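Student: Provided herewith is a single structure, encoded as structure tokens, for subsequent inquiry.
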Amino acid sequence: MEVGTTSSSSGLVKAKSETLSEALKSSSLNFSNGGGSSHGRKHHVRASSSPSQSGSNSNNYRRNTHIRKAKTLDLGRLTGGEALSRASSASLGLSFSFTGIAVPHEEEITPSERSCSNDDNLEDIEAVTSNVVKLNEEPTFPIYLKFIDITYKVTCKGMRSSSEKSILNGISGSAYPGELLALMGPSGSGKTTLLNVLGGRSNQHNIGGSVSYNDKPYSKHLKTRIGFVTQDDVLFPHLTVKETLTYTALLRLPKTLTKQQKEQRAISVIQELGLERCQDTMIGGSFVRGVSGGERKRVCIGNEIMTNPSLLFLDEPTSSLDSTTALKIVQMLQSMAKAGKTIVTTIHQPSSRLFHRFDKLVVLSRGSLLYFGKASEALSYFSSIGCSPLLSMNPAEFLLDLANGNMNDISIPSALKEETKTGSSCSKIRSSKPTPTAVYEYLEEAYRTQIEVKEKKRLMEPVPLDEEAKVITCPKREWGLSWWEQYCILSLRGFKERKHDYFSWLRVTQVLTTAIILGLLWWQSDIQHPKGLQDQVGLLFFIAVFWGFFPVFTAIFTFPQERAMLSKERESNMYRLSAYFVARTTSDLPLDLILPLVFLVVVYFMAGLRLRAESFFLSVLTVFLCIIAAQGLGLAIGASLMDLKKATTLASVTVMTFMLAGGYFVKKVPVFISWIRYMSFNYHTYKLLVKVQYEQIMHDVNGEEIVNGLKEVSALVAMIIGYRLLAYLSLRRMKLYTSN
């Protein structure tokens, strides 16, 4: 049949489109515009000749076949639509993408083109998808986690005495590669404490029992193989999703990868977690609008899976999320476990759909173990000891009710009934329900007698490991980048994060308003008049005090506000502490010096100070030295105390003392306390400003001789170095974790 008209050509195009659509449907390929994750192994897709054969093949493929969605395809920077378009353009004579179908110009269609079969089309598509590398398919080093008789105690200090409180009481269990272990229990049952113990993030002096990784104890070198997602989302609010994950990839991935490979890895994680739509959106925080809670949680998970960890811990990853978003996150964790990782997560109150996705389950109550085993066998176990739900309910709700001692809508075991009758007969108040304490003791005793002995025997058996799997530690810690590269990346990250704060309208208004008020009050002051000279000297002292006070109280907040982020990243061996400290204290300097420069330009010329270029630039340099020295004091106080209330109180007293000893209010200071003025950056800044303004004009000002300035500059430089060294040593001794 010849193609002579437009309608006939369109009909043929439509027919071929339907043919490809049916072929895709029969092969179970799903090219949808979504951000889902992919896992499992790649399978070849073949076209079937009959519907029955197609159905059987589809069932066979469905066991272990999971094809990445089209939006996550990455073949030479092609999108899913472009890849599918190029794969099918030879047989269809058209190109299509997510935006629609573009019909080519009319041309004669040869019989050979008409005879293209579905097999040819699918072979082209197979060639496109065969090169796709999925994140979950990467080889993972297996880690077998076992914990036996874990106890954890803390010391509660009172006014007169101290007492020991037990948080965990003999917890045992295991999690192997390919398994998702859930820790369940009511609030205060010890879930987070147990997770911190298993992740090596608790004080080892308070821990009893044993935790082994491939039958080896914990060591610091295991950090590279362990990922830990905290309950709180610790992220920089002003960075975008893509920037956050890219910086993590650059800092944490090994040196063997190039910068382009690390950035590509970050893009792969974004695609794997379905974050493409929000990758250019800021993370956000309490006062900054950003991504949703579920997306923020996925970013936290992405930070940890960036290095392909063998063991991943998550502390309540579904808290404050709706059921659908929580299900997506648990599905993602399940797919990661199937890829060979060991996943351990705490969960507060999962839905029934979430519960059935857990492989193993630990139920805690008051720090004790009520159940450990397969999640699918939990209900049958509790039914065997006489605790069964009397109506249809979520299995997680049933288990939490038992852990809380709530027996409403739950059958009461005969042993508990007898105990309840005995207790009621001895008391005046009769109750048909057992007390929560009685339920807890009954369930704990039942677990000890029926499950604990068998499980401990299993845990004592050695794990069958290959020779390579037995060596799980690295002899030497290796950083992903050199010191200079870490410094550059941390400086750039800090600049992007804090540039919004430095040029906020509130801060700019504060500095400019103060400068204008000073310029109006000291408008064109005349030093030829004694009172004019005294007024101008007062202005110089105020400048020294203002730019000593302002930076101190700004720098105090630096390390206390970033303590959570610093602890998290240091736990992950993300960078050297020295690189972070130097980057944090120097990346802000260009921004810190812009507002003082604007301030001095306004005040200097409005107040009629010495109109000479040398005097102006020396005044600017003097104020800059004062600012950097004052910042060092604020950094040292903040890093030493790590408590904003204490730091603010100490800083206010220190700054007031330095101001009083600054050489303007008190001329004659007693000998036994005169050393304070030499520690005051206000004093040295004031003396330098006086020298710059009145040198070669007069020999003394208000009875004080004008100095040469060398001692003052040396003192400020010593303060700049000394205060920062004190701050660094304080950070070095900071504990990465706190006792629970």
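Every residue, even glycine, has its Cβ placed from backbone N, Cα and C.
Any TrEMBL annotation is an automated prediction that lacks curation.
The region 'Disordered' annotation in TrEMBL covers 27-72. Here TrEMBL flags 48-60 as compositional bias 'Low complexity'. The domain 'ABC transporter' annotation in TrEMBL covers 145-391. The transmembrane segment annotation in TrEMBL covers 502-525, 537-559, 593-611, 617-637, 649-666.
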Student: What stretch, picked from 502-525, 537-559, 649-666, has the most CB pairs under 8 A with the transmembrane segment (617-637)?
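Tutor: By the under-8 Å Cβ criterion, the transmembrane segment (617-637) pairs most with 537-559.
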Student: When you check the transmembrane segment (502-525) against the transmembrane segment (593-611), do you get at least 3 Cβ pairs under 8 Å, counting only pairs 6 or more apart in sequence?
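Tutor: These two stretches do touch.
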Student: Can you work out the mean pLDDT of the predicted model over the domain 'ABC transporter' (145-391)?
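Tutor: A mean pLDDT of 91 is what the predicted model shows over the domain 'ABC transporter' (145-391).
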